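Novice: Feature annotation from Swiss-Prot assigns transmembrane segment to 11-31, 43-63, 82-102, 141-161, 192-212, 216-236, 290-310, 316-336, 363-383; the stated evidence is sequence analysis.
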Amino acid sequence: MKQESSLLAKLANGSLVLQILVGIIAGVSLASFSHEAAKQVAFLGSLFVGALKAIAPILVFILVASSIANQKKNTQTNMRPIVVLYLFGTFAAALTAVVLSMMFPTNLVLVAGVEGTSPPQGIGEVINTLLFKLVDNPVNALMTGNYIGILAWGVGLGLALHHASDSTKQVFADVSHGISQMVRFIIRLAPIGIFGLVAATFAETGFAAIAGYAKLLAVLLGAMAIIALIVNPLIVYVKIKRNPYPLVIRCLRESGVTAFFTRSSAANIPVNMALCEKLKLHEDTYSVSIPLGATINMGGAAITITVLTLAAAHTLGIQVDLLTALLLSVVAAISACGASGVAGGSLLLIPLACSLFGISNDVAMQVVAVGFIIGVIQDAAETALNSSTDVIFTAAACEAAENKAKLG
């Protein structure tokens, strides 16, 4: 019995990244050995993602309300520089995608459109959807995972409780701590969940269908790699004036890997919160910036919208001048910030960007269908970039504020 508990303790305290790596290798091996067996363990991945998605809304709501209610007067939360970083990073991602798309123009083999999808008719509709999400019923927001609404009600409750008695504030702090403990437990199950996700993905797709879109994927993933490994570190260096790579690599390893396999920014919120706690960041800051980042920090989405739109334009023989490309960068960045307000995310915002070049909705929906074909890799890489960048920019802004305070 003692030996069993010792083994469990070793597993619980061992390197999570190493355990996830073992899970990935085991998942690929099982799918290679037996497709049927791999499909049988798919439920492990679904359970893991389901658990993260279930706890994320209540975690965000309680953590935001608790941190604002318990916030000391004159406490600096650094939210303005973080939001600026989010918006600048998203625009830089769109611009990078434009440059790469023009250097390596891609032709698409267009397929049938996606049935039953309804893309937004314009940027106004995207903003309108986001505004209505802001005033959603709080219970409905928690049930449906509407993080714009959850943030709004969490901030409102926190401000209302700011002048409450210390015992009331302590209750919220204790509940927040309890939920954080539950999150840590769920995150320790990541190797098992990722094993199920990897096995199911390889068994169901085998990535054969994706091979025909190798050049398109190379441009997409190349743009995302440039943002993750060159542009983001450069932005962080400007903020903190030291080598940014230890922070960037740690965030990619501890946040990006999990996000890659869960393919859900919402499911990765608890992982990012736990990482911010490990980095000893200010709770008042990250409890708001991380869920906000999952909503508006969409560099990966901006890349997807831009690359697929320019690929469609090139396929149809449409010449794109520099000014139009710049305008596309702005539209893609704004649209990407609203991706969380659209069912289907970044892919269903492609028709909006295609309308800049007079591309018909029928053709645009065929481009969306191409996006769904490569979605296994595109969506995973996009989520990994988006989610890890939330922590990178939050940490950079917090450290920059600390350095400024030390200098007086």
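The backbone N, Cα and C atoms fix where each Cβ goes, and this holds for glycine too.
From a predicted model like this one, the values you see are computed outputs, not experimental measurements.
Looking at the shown structure, what environment does each listed feature sit in?
Specialist: Within the chain, the transmembrane segment (43-63) has long-range Cβ neighbours (under 8 A, six or more residues past its boundaries) at 141-143, 145, 147, 150-151, 153-154, 157, 172, 175-176, 179-180, 182-183, 186, 189-190, 192-200, 261-262, 264, 266-271, 273, 283, 287, 291.
The list of residues near the transmembrane segment (316-336) in space but at least 6 beyond its ends in sequence, with Cβ under 8 angstroms from a Cβ of it, reads 87, 90-91, 93-95, 97-98, 102, 123, 126, 298-299, 301-302, 305-306, 309-310, 346, 349, 352-353, 356-359, 363.
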Novice: Between the stretches 82-102, 141-161, 216-236, which wins on the count of C-beta pairs under 8 angstroms to the transmembrane segment (290-310)?
Specialist: 82-102
Novice: Is the transmembrane segment (82-102) packed against any residues at least 6 beyond its ends, judged by a Cβ distance under 8 Å, and which are they?
Specialist: 219, 222-223, 226-227, 231-232, 235, 239, 285, 289, 292-293, 296-303, 305-307, 310-311, 314, 320, 325-326, 328-330, 332-333, 336-337, 385, 389, 393-394, 396-397
